[in-house]
Amino acid sequence: MIDSMRDTLFGYGDTGIVVWTVLKILAIAVPVIIAVAMFVYWERKVIGWMHVRMGPNQIGPLGLLQAFADVFKLLFKEVILPANSNKVLYYLAPMIALVPAFAAWSVIPFDAGLVLANVNVGLLLLLAMTSLGVYGIILAGWASNSRYAMLGAMRAAAQTVSYEIAMGFALVSVMIMTGSLNLTDIVLAQQGSKGFFDWYWLPLLPMFVIYFISGVAETNRAPFDVAEGESEIVAGFHVEYSGSAFAIFFLAEYANMILIAFLASVLFMGGWLSPLQGWINADVPWVDWLWKGGWQWTFIKAFMFSFFYLWFRASFPRYRYDQIMRLGWKVFIPITIVWVVAAACMKYYGIVTIGA
Amino acid sequence: MTFELVCFYFFGAVAALAALAVISVKNPVVAALNLVLTFFSMACVWLLAQAEFLAVALVLVYVGAVMVLFLFVVMMLDVDFAPVREGFVRFLPVGIVVAVVMLVEMLMMIGVRSLQVPVSADPAALAGMSNMGWLGRTLFRDFLLPFEVAALILTVGLIAAIPLTLRKRSGIKTQNPGRQVMVKREDRIRLVKMDAVKKGEATP
């Protein structure tokens, strides 16, 4: 059905190709938005259980409609412009935060061939897009004309730039192992007959841990959420935002979180590959994705990593600001530099071979 | 006019307008943001020319890191730019002369080169590999020594910048996070055993 739809659209020439591309983009963007809404509900539920509370349970069955109630409440609220703020930049900031958060999704492979843009420099593009997100935060902080927002923006900018280096090195080690920047190639290089021992989490274990922790720090989430440390600077960079402008910041932050979860699963946990690959080879309809691999595994792994975010948030107290900087510069970056060399040696001496 | 050509003119126009705005707008933060837009549009132009690595590296290094720090400084300093701008009209003729000389030089270079060497095909496409792979192979196989020397010079510059600005200040209190993490209960709390004092007993 999808094929016939595509062929019909391609029959209209250039216009059809544009319409088809927009449809593909919507097929990723709309589920991401819905996933963000449900993820917020899931977060409140999980943290509630960890606190021995119920979490949201009033609106809809099991409180499932709570997320949508929140969204509609936010959308109908008034957006207040603070006095003496820079009007253009104030309204531009949430959009600048949102665009990179969604653009990065274009290179995520969900299954073999199931990717919007199969670009050769996918990994670099991801790094570039995640580093662009900080502009939204800085602009929001500056344009709001508020001391608290300014301090939050400063903290967020310094933190994001610092952790990007450790994150970049972790990606470099994955690139050394694969010999390619294409994300589909990276997943395929983790294929093999030794099940989940073929994935990169094993040879690159320190990088895997550092990548995920840096991802948490990069998205300014607990325990690294000093950018919006409520007890110190009210709510940080978005303290002056209300209504839909605030909702967009929220959307961008959660889209980035889910993106990091997907990336951790694609880069280090074999993406759509099954943890049982090579051990079982039976052909059974409907359930053979369990050992042959399929898009379901990408989503299961991503769900696991996004759950870690909530787990961390409910478990750890917030880091002090200088401790965050120390962890990034004095602990993570030296370890990553050493492990990049170690990864190169493992690759050169054939300790880790791709696709076997 | 193909779609690519339309894109090229669009990105080029945006880059030129943003570059003009960088030197003409009053607000330094807006100027810095326009510089970001210039970099980004140039990266798009390079993408059209299929120099994908260069384009993404430009966004990653300049837009993602350098300009963030630049913006940081501009916002923190809160410089009053009015006195700096006073000489704008006075120095405008000198500026125009410099710009014209640079333009002529650039045109001459492009003109001389295009006369000398016929435009060759994309070497990456000739070698039958991706732009990225070709660049890596050329840098690390054919030009390894110059590349390493350049890297060494940059590292020396980096280290030199740190001792130049690093100075020991006396009379300030600093924390040692390593010791803070290693702290034990015994370092903070001392439990003292004392006999209970009974009523009526004289306290020494």
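In case you wondered, yes, glycine gets a Cβ from its N, Cα and C as well.
Feature annotations, courtesy of TrEMBL:
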type: TRANSMEM; residues: A:12-39; note: transmembrane segment
type: TRANSMEM; residues: A:88-108; note: transmembrane segment
type: TRANSMEM; residues: A:114-140; note: transmembrane segment
type: TRANSMEM; residues: A:161-179; note: transmembrane segment
type: TRANSMEM; residues: A:199-217; note: transmembrane segment
type: TRANSMEM; residues: A:254-274; note: transmembrane segment
type: TRANSMEM; residues: A:294-312; note: transmembrane segment
type: TRANSMEM; residues: A:332-351; note: transmembrane segment
Stretch contact, the transmembrane segment (A:254-274) with the transmembrane segment (A:332-351), Cβ-Cβ under 8 Å, 3+ pairs: no
Spatial neighbours of the transmembrane segment (A:199-217) far in sequence, C-beta under 8 Å, 6+ residues away: 159, 163-164, 166-167, 169-171, 173-174, 177, 190, 223-224, 260, 263-264, 267-270, 273, 305, 308-309, 312, 324, 328, 332, 335-336, 339, 343, 346, 351-352
Close approaches to the transmembrane segment (A:88-108) from elsewhere in its chain (Cβ under 8 angstroms; 6 or more beyond its ends): 25, 28-29, 32, 81-82, 115-119, 122, 125-126, 129-130, 132-133, 135-137, 139-140, 142-144, 183, 241, 245-246, 248-249, 251-253, 255-256, 259, 262-263, 266
Long-range Cβ neighbours of the transmembrane segment (A:332-351) (under 8 Å; 6 or more residues past either end): 163, 165-166, 169-170, 172-173, 176-177, 203-204, 206-207, 210, 213-214
